[in-house]
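Everything below concerns the one structure shown next.
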Amino acid sequence: MDEFSFIDAIKQKDYKQPTLVKGIGDDAAVFRSTSDIVATVDTFVEHIHFSLETMDPFHIGYRVLAANISDLAAMGSEPAFYLVSMCIPKSWNQQALEEIYRGMRDLAAKHRMDLIGGDTVSGDSLMISITAMGYVPKDKVRYRSDARPGDVVFATGTLGDSRAGLEMLLEGQECKDKDDYIQRHRLPEPRVALALGLQELDRVALNDISDGIASEANEIAEASGIELTIIEEKVPVSQSFHQFTEKQQYDWKLSGGEDFELLGTVSVANWPKVQELAAETETPVQQIGYVREAEEPRVLIQLREETKRLTKSGYTHLK
Ligand SMILES: Nc1ncnc2c1ncn2[C@@H]1O[C@H](COP(=O)(O)OP(=O)(O)O)[C@@H](O)[C@H]1O
Ligand SMILES: Cc1ncc(C[n+]2csc(CCOP(=O)(O)OP(=O)(O)O)c2C)c(N)n1
Ligand SMILES: [Mg+2]
Ligand SMILES: [Mg+2]
Ligand SMILES: [Mg+2]
């Protein structure tokens, strides 16, 4: 295999997005648009985001694109294009690399996304960086800074599952519904359908949960200058999540990360509409707290016996 035969092997034969002018094959890709364009990049590094113990090549591709699509959803945009930059160790063969791309293609197909470019280099450990782009109608982008006092705080899906799956993989442990937890870790489903449904609303603050809700809630509080309270027992978890120790449950649902669910806030008046859109798009949503005016931006966690400060405790690089 050389760089050029590899690119030929992973190139799409035809494209789905009508706004694409030039895909793979020139110095850069070209697309044309009248809507607002959302652009994001996320990187996946061996031994940090995955290891061959935790993921097969297919999952690696799927999971890194999912992380990017989740950011597009958190901005309220519709996924359209992605570019892939890879650093590949010599020990990886073409078949394994094509599996990574099969994982990406599998998820891309669900969202009609086109692979329009990338870059390939060799190096010591596997690194994949994806740049993804999406469209959003003018003034419908969903910022972290749009939470207001009086808002309902909501979360989609269940939290902590990905971290539970990772634990089972790394520790070789057994648990009830183990395969489901592992699947949540390897093959997350970003909440695009709900995010697009929410375009009907005038104002929603959104953030996706990659580091852990403790982290993302603080990002909303800081960006919006509000106080956000999370009611601990309302944080949605899977049915069999209670099998884990109290400490594991608490840590994993608040700081486990990589669930790629959405955390959001809307006005009380619009909350029924969110529930309606959630039902239409078959997305579980749950109110988990509320927003109040703040002297200083902060996040509180309301436990049964006390309410205390919840600081950023999710995953942090460079620490
Ligand atoms: N190395 C970098 N250079 C420029 N911008 C960066 C870099 N790393 C992160 N950012 C920007 O900082 C913001 C927060 O990034 P991050 O915490 O990774 O977001 P997310 O968790 O949604 O992926 C984003 O606007 C991102 O584009
Ligand atoms: C082998 C392995 N160890 C640990 C983790 C846990 N982990 C790695 S990165 C991360 C946080 C999310 O990654 P980041 O690069 O911060 O994504 P972003 O917030 O930019 O979307 C977590 C929980 C993992 N997924 N795999
Ligand atoms: Mg990021
Ligand atoms: Mg994000
Ligand atoms: Mg992060």
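Any Cβ shown, glycine's included, is placed from N, Cα and C.
The feature Mg(2+) 4 binding site is assigned by TrEMBL to Asp27, Thr40, Asp71. Positions annotated as Mg(2+) 3 binding site by TrEMBL: Asp27, Asp71, Asp208. Annotated Mg(2+) 2 binding site per TrEMBL: Asp42, Asp71, in sequence order. Per TrEMBL, the feature Mg(2+) 1 binding site maps to Asp42, Asp119. Among the features that TrEMBL reports, substrate binding site is placed at His49, Glu258, Tyr315. TrEMBL lists Tyr101, Gly118, Asp119, Arg144, Ser210 with the feature ATP binding site. Among the features that TrEMBL reports, Mg(2+) 5 binding site is placed at Asp211. The domain 'PurM-like N-terminal' annotation in TrEMBL covers 25-136. The annotation domain 'PurM-like C-terminal' is assigned in TrEMBL to 148-299.
Taking Asp211 (Mg(2+) 5 binding site) as the reference point, none of the binding-site residues Thr40, His49, Asp71, Gly118 has a C-alpha atom within 10 Å of its C-alpha. Largest CA to CA distance in the substrate binding set (His49, Glu258, Tyr315): 11 Å, whole number. A straight line from the CA of Asp119 (Mg(2+) 1 binding site) to the CA of His49 (substrate binding site) spans 20 Å. Ranked by CA distance from Tyr315 (substrate binding site), the binding-site residues Thr40, Asp71, Asp208 have Asp208 at the top as the closest.
In terms of DSSP secondary structure, the domain 'PurM-like N-terminal' (25-136) contains 35 helix, 45 strand, 32 coil. Less than 6 Å separates the Cβ from ligand 3 in the case of none of the binding-site residues Gly118, Asp208, Asp211, Tyr315.
Taken in sequence order, the binding-site residues Thr40, Asp42, His49, Tyr101, Asp119, Glu258 that lie near ligand 4, meaning a CB under 6 Å from one of its atoms, form an empty set. Each residue contributes its Cα atom, and for Ser210 (ATP binding site) and Glu258 (substrate binding site) those atoms are 4 Å apart.
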